[in-house]
Amino acid sequence: MKLLNIALDGPAAAGKSTIAKLLAAKLSMIYVDTGAMYRAITYKYLQQNKPEDFDQLIETTELSLTYDKDKGQRVILDNQDVTDYLRENDVTNHVSYVASKEAVRTFSVNKQQELAAKKGIVMDGRDIGTVVLPDADLKVYMIASVEERAVRRQKDNEERGIVSNVEQLKQEIADRDQYDMNRDISPLKKADDAITVDTTGKSIEIVTQEILALVHKIS
């Protein structure tokens, strides 16, 4: 199979990361979790007591992704592995705000494009098909109902030992959608040439097979 770049976009908790990891494994490609980059910068932002100067924050930031056979992708921020801190509630609640800043976005997109330059990448996020990889070989826009996404997020939280309420999560997800779709820089939107895949009520295996079928059509 020829080397491809695959872009998966969509709102929070639509299943992008889970599916992207599986696709990459099945296709012997590299998975790049772009959300982890923004979460890492958000983690630093919180550790530094929410500075307002994002240009300075980025100037002092070193960020890289490494790949461990057993642990998968690891995020190295300023020479420290911060992967295990990136799903904390405080990071989740601030990541949209931090990711909307131009300095943060420019820094992260440049990193992502460098990673994709050699192809063979499955990348998920909110602006991959529109901004990061506009020439991706396959663009998929994943959606799911707010209700289902809230249940998924609660399940993820439970697995991490975090107590959460579905109704509250529904509101947070709906608010996040509005923020992401209406921000000035790299808003969440479907690329004109992206294929929509609705994951509502579907198992991980079924969604993965649907997207694999799309890959095989172009490879």
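Using N, Cα and C of the backbone, Cβ positions are placed for all residues, glycine too.
Features of the protein shown, as given by Swiss-Prot:
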type	residues	note
BINDING	Gly10, Pro11, Ala12, Ala13, Ala14, Gly15, Lys16, Ser17, Thr18	ATP binding site
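In sequence order, Asp124, Met142, Ala144, Arg149, Thr199 are the residues of the same chain, not among Gly10, Pro11, Ala12, Ala13, Ala14, Gly15, Lys16, Ser17, Thr18, whose CB sits within 8 A of the CB centroid for the ATP site.
In this structure, Thr18 is the one among the binding-site residues Ala14, Thr18 with the smallest number of other Cβ atoms inside 10 Å of its Cβ. Long-range Cβ contacts of Gly10 (ATP binding site) within its own chain (separation 6+, distance under 8 Å): Lys16, Asp124, Arg126, Tyr141, Met142, Ile143, Ala144, Leu188.
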